[in-house]
Amino acid sequence: MQNIKRIAGEIARASVPIVVVHGAGSFGHPQAKKYHIQQNPGTEGLVKTHRAVLELNTVFVEALQKEGFAATGIHPLDCLLAKRSVVKRWGVEIIERMVDFGVTPVIHGDVVMDTANGISVISGDQILTYLAKKLDVAVIGAGTAVDGVLDENGRTIPCITPSNFKEVSDYIRGSTDDDVTGGMRGKVLELLKLAESGIESVIFNADLSNMVFKFLSGEDICATRISGAK
Ligand SMILES: Nc1ncnc2c1ncn2[C@@H]1O[C@H](COP(=O)(O)OP(=O)(O)O)[C@@H](O)[C@H]1O
Ligand SMILES: [Mg+2]
């Protein structure tokens, strides 16, 4: 929670228009796992998982409001339709208009209605890549709790592209935390798809003080760039 407040402060200091997307962390993944949302979706799992992630969203929204942002939560369950765990339909014009109007949307990974599976989990990583394709954004950053994507010696891989992915793929794995959306591997695969459509992104450590500020200010940071370059 302290981290969220710090990050909200750093976003304010950078003073740039922003769309915030966050994952569920310990708010949502344990519930999605407990209720077997992916294998055996039911209403109790939907309600409990959604509620957990809403709590986290409220913390983020309030932290940004305290920093002076007109922040408001956007909840995928209410507006996004998936098919087989992939975003199928989502009218993002509302988000564009909010940003133009000076509002800061704070969107999150969520359990959503799914035309094939009943319900499914859509990760913050999927939300990020979907929006990156639809909105006109200058930079895309994925803040996580490690120094980007690490190699077998724990060193940050500076750049991952479709052509070097095979070389590094073996040591990009899931998460050691409760995570139902693929951990670092899920993140990199999502961002590689985005890179293939020509949109670069950066994975950096948002757990370290000042990193979000530096990223938003265009400063050089230790991070992994996900690029479509051959
Ligand atoms: N090669 C790797 N480099 C960095 N993290 C990795 C790697 N392989 C697996 N991981 C795991 O993935 C985690 C990051 O994914 P995740 O927990 O889903 O983060 P987030 O909550 O930011 O989505 C790391 O904390 C680490 O446990
Ligand atoms: Mg994750």
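Glycine residues also receive a Cβ, built from the backbone N, Cα and C atoms like all the rest.
Predicted automatically and left uncurated, TrEMBL annotations should be read as such.
The model shown is predicted, which means the values in this text are computed figures rather than measured ones.
Database features, via TrEMBL:
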type	residues	note
DOMAIN	3-205	domain 'Aspartate/glutamate/uridylate kinase'
BINDING	A24, H29, G124	substrate binding site
BINDING	G25, G183, K187	ATP binding site
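Every protein chain considered, the tally of other Cβ atoms within 10 Å of the Cβ of G25 (ATP binding site) stands at 17.
Taking the centre of the Cβ atoms of A24, H29, G124 as the substrate site, the nearby residues of that chain (Cβ within 8 Å, site residues left out) are H22, G23, G25, F27, G28, A32, V53, H108, G109, V121, S123, D179, V180, T181. Cβ-based neighbour count (10 Å, all protein chains) for H29 (substrate binding site) stands at 23. Listed in sequence order, the residues of the same chain lying 6 or more apart from K187 (ATP binding site) and placing their CB within less than 8 Å of its CB are D125, A142, T144, I203.
Listed in sequence order, the residues G23, S123, G124, D125, T144, S175, D177, D179, T181, G182, M184, G186 complete the 8 Å Cβ shell around the ATP site centroid, once G25, G183, K187 themselves are left out. Under 6 Å, Cβ to nearest atom of ligand 1: this is the test, and of the binding-site residues A24, H29, G183 it is passed by G183.
Between the binding-site residues A24, G124, G183, A24 has the most other Cβ atoms inside 10 Å of its own Cβ, all protein chains included. With respect to their backbone Cα atoms, H29 (substrate binding site) and G183 (ATP binding site) stand 11 Å from each other. In this structure, G25 (ATP binding site) belongs to neither helix nor strand by DSSP; it is coil.
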